[in-house]
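> Let me give you the structure first, and then I'll get to my questions.
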C-alpha cells in the first residue's frame, strides 16, 4: 500500500510548505498551491501554471483528470441513485463484483471506502480464520518490515515501520514481522511459533512495497510464501491497494509473481479518483457471515459506477499495453539519466507505472528533488529509502513521458 500525504514522517513535509486554514486539523503539511483545473495528465494552478502530474493523487487517478467517459457515467448515475446503504440489493455493486471476480482468482468481494478499510477488513478476516481453523491456539498475523498498510490502529499495527507508530502505542497485539523478500526470515518465524505451540493465521504482504521504497516482490520468495501458507494452513493475503488495477502492467500485482493469493485488497486506482476499497477472496477465505463486518458507504452505487467505468476503460482502451510500453520507456529513460548522473542516482526500481529512482543520500535527498521538480512544473512524490516515486495516470502518453524525462534531466543538470 502507499501512504497518504503526511507531516510526521515527511512524505510532504517540505520546507516552505504552507499551513492551511486553522479550521482544518493539523495532520498535513502541504504545498502553498491550489489546483483549479485538470485534464488527462496535467493540472493547472490558480495562476494558470501547468504541471505534468506523475503523482496522480498518489497512484489513484488511473484515467487521469476530468476523464470524459467517467464524467458522463457518473453524471448519469447521480440522476438515478448515489447511495442507499447495504440494507438493500445494489445492482451496481453486484455488477462490479462479477466484473472483478471474472477477471481475477477471487470468488467473492467485500466493498468499503479506502485502502486502510480494505486492509482492516483483511485483518479481521485473517483473525476469524485463525480462530476458526486454529482453535485453542494463540495465532498471529505475519507482515513485512518496511511495509505500509494504513493509518487505522490495526493497519498501523500491521505496518512494519516503527516511525509511523510512534506516539500511538500500544499497538494492537498479534503481529510479527519478517524481512521482505527474505524467505529464511519467514521460516524462522513459523519455526518459533511452532516451538511455542502457536500458529500463523495468515500473512499480509504487498506484492510491491510502495511507501517502503518501491521494492518489487521476488517471484521465488512469493512462491515459497505460498507453499509455506499451504503447509501451515495459513491465509496469504496481498495488499494491492497500490499495485492492483493495472499499475504494474498486469491487472493484478500477484500476476507478476506467478502465484494466486487466498485474497487481496484494492483501493486507490479502482475508483479513478473516487473513494472505493475492496477485499477479494477465494473460496478458502470466504468465511465472513452476516454481522461479521459492514460498511455504511461501502459499495454505494456511485462509487461502484466509477469502478466499473475504470475497469471498462482499461479494457476498451487497452491501457495495460500502454502501462507496459510507457513503463519500459520510463525505465529506459531512467537508465540513461542514471548513467549521466551516477553521483545522484544509485538505483532504479519498479514495474510498469510504479517506479522509483534511488537517490544517493550522500549527495541529496528525494524531497529536494521533488521540490525542484515542482518548480519545473513536474509533480513527484517521495517514498521511503530516499526514493523519488513516479506513479502517473495509466493513460500517460509517449510524448508526456519524454517531457517528464527532459524535465528530470534538467533538474539533475542544475544540481
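Cβ coordinates are placed from backbone N, Cα and C, and glycine is handled just like the others.
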> Which of 140, 148, 221 does Swiss-Prot put in the same pyridoxal 5'-phosphate site as 115, 116, 239, 240, 241, 242, 296?
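It is 148, as the record lists it for that site.
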> Which one is it: of the recorded positions 115, 241, 268, whose Cα lies the shortest distance from the Cα of residue 151 (N(2)-acetyl-L-ornithine binding site)?
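That would be 115, nearest by Cα distance.
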> Of the recorded positions listed here (115, 239, 240, 268), which is spatially closest to residue 295 (N(2)-acetyl-L-ornithine binding site) when Cα positions are compared?
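The smallest Cα gap between residue 295 (N(2)-acetyl-L-ornithine binding site) and any of the recorded positions is with 115.
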> Between residue 239 (pyridoxal 5'-phosphate binding site) and residue 268 (N6-(pyridoxal phosphate)lysine), what is the CA-CA distance rounded to a whole number of Å?
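Here the two Cα atoms are 12 Å apart.
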> If you count Cβ atoms within 10 Å of each one, which of the recorded positions 151, 268 comes out on top?
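Neighbour-count leader: 268.
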> If you count Cβ atoms within 10 Å of the Cβ of residue 242 (pyridoxal 5'-phosphate binding site), leaving out that atom itself, what do you get?
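Within a 10 Å radius of the Cβ of residue 242 (pyridoxal 5'-phosphate binding site) lie 31 other Cβ atoms.
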